[in-house]
Amino acid sequence: MTDSTIPGLLARIQRPTDVAGLSADDLRTLAADLRTAIIDTVSKNGGHLAPSLGVVELTLAMLSTFDPGKDKVVWDVGHQAYAWKLLTGRAADFHTLRRRHGISGFPKPCESEYDHFGVGHSSTSISAALGMALARDLAGDDHHVVAVIGDGSLTAGLAFEGLNQAGDMGRRLIVILNDNEMSISRNVGALSLFLSRNLSKGWARRVKRDVETALKSIPGIGDEMVAYAKRSEHSLKSFFTPGMLFEAFQFNYIGPVDGHDVKALVRNLELAKTNDRPVLLHVLTRKGKGYTPAEANPAFFHGVGRFEPETGRARKPGDTPVLPTYTDVFGETLCRLADMDERIVAITAAMPEGTGTNCFRERHPDRFVDVGICEQHAVTFAAGLAIQGYRPFVAIYSTFLQRSYDQIVHDVCIQKLPVVLCLDRAGLVGEDGPTHHGAFDLSFLRHIPHMSIIAPRDEADLQAAMYTALHLDAPLAIRYPRGVGFGIPLAESPSPLPVGVGEVLKEGEGVAVIAVGSRVHPSLEAAERLAEETGRHATVFDARWVKPLPEAQLLDIVARHDALLFVEENALAGGFSSAVLELLADRNALSGKHIRRIGLPDEFVEQGTQKELRVSLGLCMDGVGKALKELFAAVGNATAS
């Protein structure tokens, strides 16, 4: 949005510190303006709507309490930080949210001095904030460090590792638990208010220490009396609040607090600032707050595409028939397989809707497991199932599988267990940018012994790959992209694919395109268009298998062509083309060949639509066509000379 379209009071916020001087009425008005701006932009650009709507008041309270030019705030994941962006100098550019060359959907230090740590994946905030707190103390500074983490992110082991270390180190640190799964009980809230406002105050802590010292001085029974007193206090607090868990981590606990009451939030944040040890402020919020469709369906509006703000309905792309997504095909195929094979268990890490396993949850609830945001646990859990004769399908976004690397090596591949890793969102995902692109899975999986990798070229190939998985008694990774397929009809009874065998889709001479995964069809289209325009025919080969490679077919193609064009939507470093070139180098088959590769460069690809990013990197029909013309020219020049 431009300055002229920034709603109401929000347009008057020139710097973050302006929030601290606002009246209660102004804060309510500003909260409404923030929600208007967020809904308007996300309805046009897509994004994480419900999480950001739920923390508007919390954001206002934080900016009323802390100085973001001095104090440090780490947002966990960061998809709830839209209000923070609007209030920290980016309101005029907010209309570019998640667009190419626009502002990111996540906090990025290179974007703003008020984004103190880069995020995108879950559960990193406490560890990062603790490191920043230690850095503060080592430097002799006195600012506050705050981590804001959701209850979902708190399920991950990394978050508990951070809590454990923070409690042990005892550094001054504030953790805000944004809990949008609980409702506020008036009775619990009243008692909690008393406990947090009194037992957590400085004078109460001093009295507590003095009493402990006095009790310990009593000969014979002092230590026992101190232990009894602590048990009594903890029992009282934990009976009415969840504070016992965090007290066990040696955090002072405050809460729960109504996350939509700015006055209460400010009061308790000020209280948290007085603590000389780690403190956790438990805040209860409502996901999607202030927008009825999002409040009614927060899961759908967690991450949403373009929609009509008046109704919340998705914007329709005209009269074009909507094709099924790869995720849809995966979910339905997995259900069909499970209908036939009782060994199949579906596992996801807090993403049943995102991975398409929600239909499996409904049809086979006893064989569906959502492990929460615990990708490491998901893989080892699957290994335990596999070693007992089951066939676990682990559905995880490619970018999140990075957390499971050791478990894939140690628990799955060394034991050669038939765990099927289903890598959704492999390749370029679009507007969520570098933290979410599935850029590296081929590179970090293909060198692991016993691992097989298949990259289906379309939705029908994905279906067949899943049937193939049931016939392999070894680990298998199936990678497929975000978005809709190519409209290829699905088979009623798919046949398993032969392992390590690709397919020649077009015969030509001189130049061969060797592609894999979602870039096969654009490569074929480019070759066919080139043939129509110039009469030059390039061979198009779908390798399909990244491991084991279709070695015999590749060597035959290389022997018959002078130039090779590799196309893949993975990092070129260590990816599919690297694997083929290693094979050719080992077989001394590269001499005199013209080589060209199209893939992801050795840099983090920024945000944009999938189409924009593919065009910019040449991973589209036009890009492949341009490379083919250049290779044909190179071959012709070499022949002429």
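Sequential numbering from 1, following the chain as shown.
The backbone N, Cα and C atoms fix where each Cβ goes, and this holds for glycine too.
Of the listed candidates (E375, E459, E492, E503), Swiss-Prot assigns E375 to the same thiamine diphosphate site as H79, G120, H121, S122, G152, S153, N180, Y291. The binding-site residues in question are D151, E375, and the one with the fewest Cβ neighbours inside 10 Å is D151. Among the residues the record lists as binding thiamine diphosphate, namely H79, G120, H121, S122, G152, S153, N180, Y291, E375, the two farthest apart have Cα atoms separated by 32 Å. Taking Cβ-Cβ distances under 8 Å and a sequence separation of 6 or more, the neighbours of H79 (thiamine diphosphate binding site) in its chain are G47, H48, P51, S52, G105, F106, G303. When the Cα atoms are compared, N180 (thiamine diphosphate binding site) and D151 (Mg(2+) binding site) turn out to be 7 Å apart.
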